[in-house]
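First comes the structure, then the notes that go with it.
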């Protein structure tokens, strides 16, 4: 037997031994350090490398898959929020505002004209999502199937999938390409080959793998009523809007190609269409300074003109080939020192209200490509440690989610209460309803309800209408057909939140109708609650009889 063959035989022997020891530990209710176990068994058997997690998962007998796979799951945080997120990228294309500003944003590293020529706009091509997209030659079907297979091999459930469409301004691409891209995302879940977006959505609705939502990255100038309407047809439920700064002078100096006033108008239109709105912000931009940075985040969370549902924080990075790189090289721009940046991020996180979710705290760009800027690969952890030191708390949605709390703090909720928070934002009345354990500050499920303003452009939402912009019960992904008493999805919290939303809409908003912006794969859930398809929404007429 050649060397490769003997190593394969040793690998099989090692995997069998590891699985046997894991089963013994499970039966004896003992905890095991898997990395240490892999190292010891591989060394004992003379294996020159440690077996991969995928190999161990494949070696688990069918009888033990249900009990061992949750313990073996790689990066459990990937599905801790109850959803398997699949990020996909559209083909490389030029930034749309080049036509009227003459250039891209000063800090933007990617795109077809950049040093990273096979990358999409604002990406280098070396981020994990970019590399998967390049391997698949930006084919949406191959990107989706590849990522789903990867997640399944690592022990994750892919019963509920949320797509994030990345790679620049997707809505600036030609309509036929956009239709092709979205059609293939839905077809990758259903296995059907569709001729149109409508057909793809119809099959996706009945698929075993449910598309519970699509998130699209866009800009204020590509978030007009016609764009909002197209995205509804795709099954999009959340928008990520690149804003970067709330200061008009900074938007102008960094060559954003839009005004902050247009950002506020976009937020208003998007929320009146039912979308969840996530904002991208960049601390440490040129000509801002520490105090102005703190003030803009205070304004972001407190001013009714903004108040986003989610936030992605991308501290400014200096990358070769950008306008900012030239400013930095000639001494006209200097990044914050690492300790100052950590302090700033800690301050920002302490300002986040309990109805906002912080999705990211830094870019995925590999550190060797960064000339100046973030020096820590785990900036969020450093900021959280600083907050603990200063006695500050981060109360954003992600920090308080039950799934995240279980992973990081081994804490489970005990006394669960219905909690309500009301605020005004973007011309409408917002109500954030949640089931929480207030004593331990753990969040189990949430619902975002909005009384639509009179500026709504959709016919389905005109008049006295309330809209549910988000319903989410947290905890590890549970198959739609299963009920696991230790997990919080499918335990009835969702229907209780919907009942309360209907009561508020009927009695306080005095609405005649309640609509839900629903992911394609969750429409059946709302049908069971008495909702009917109403254009792209699921709607229900509210009257006195529905109060029973």
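Even glycines carry a Cβ here, placed using N, Cα and C.
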Record-annotated acetyl-CoA site (Swiss-Prot): member among 138, 141, 526 besides 160, 470, 471, 472, 473, 493, 494, 495:
526
Taking 39, 95 as the options, which does Swiss-Prot list with 105, 108 at the [4Fe-4S] cluster site?
95
Measure from the CA atom of residue 494 (acetyl-CoA binding site) to the CA atom of residue 105 ([4Fe-4S] cluster binding site) and give the result in Å, rounded to a whole number.
42
Rounded to whole angstrom, what's the largest C-alpha distance between any two of 160, 470, 471, 472, 473, 493, 494, 495, 526, listed as binding acetyl-CoA?
18
Integer mean pLDDT for the domain 'Radical SAM core' (78-368):
92
If you draw a 10 Å sphere around the Cβ of residue 105 ([4Fe-4S] cluster binding site), how many other Cβ atoms fall inside it, taking every protein chain shown into account?
23
Three states by DSSP: which one describes residue 494 (acetyl-CoA binding site)?
helix
Just to be sure I understand the packing, how many Cβ atoms besides its own are within 10 Å of the Cβ of residue 494 (acetyl-CoA binding site)?
21
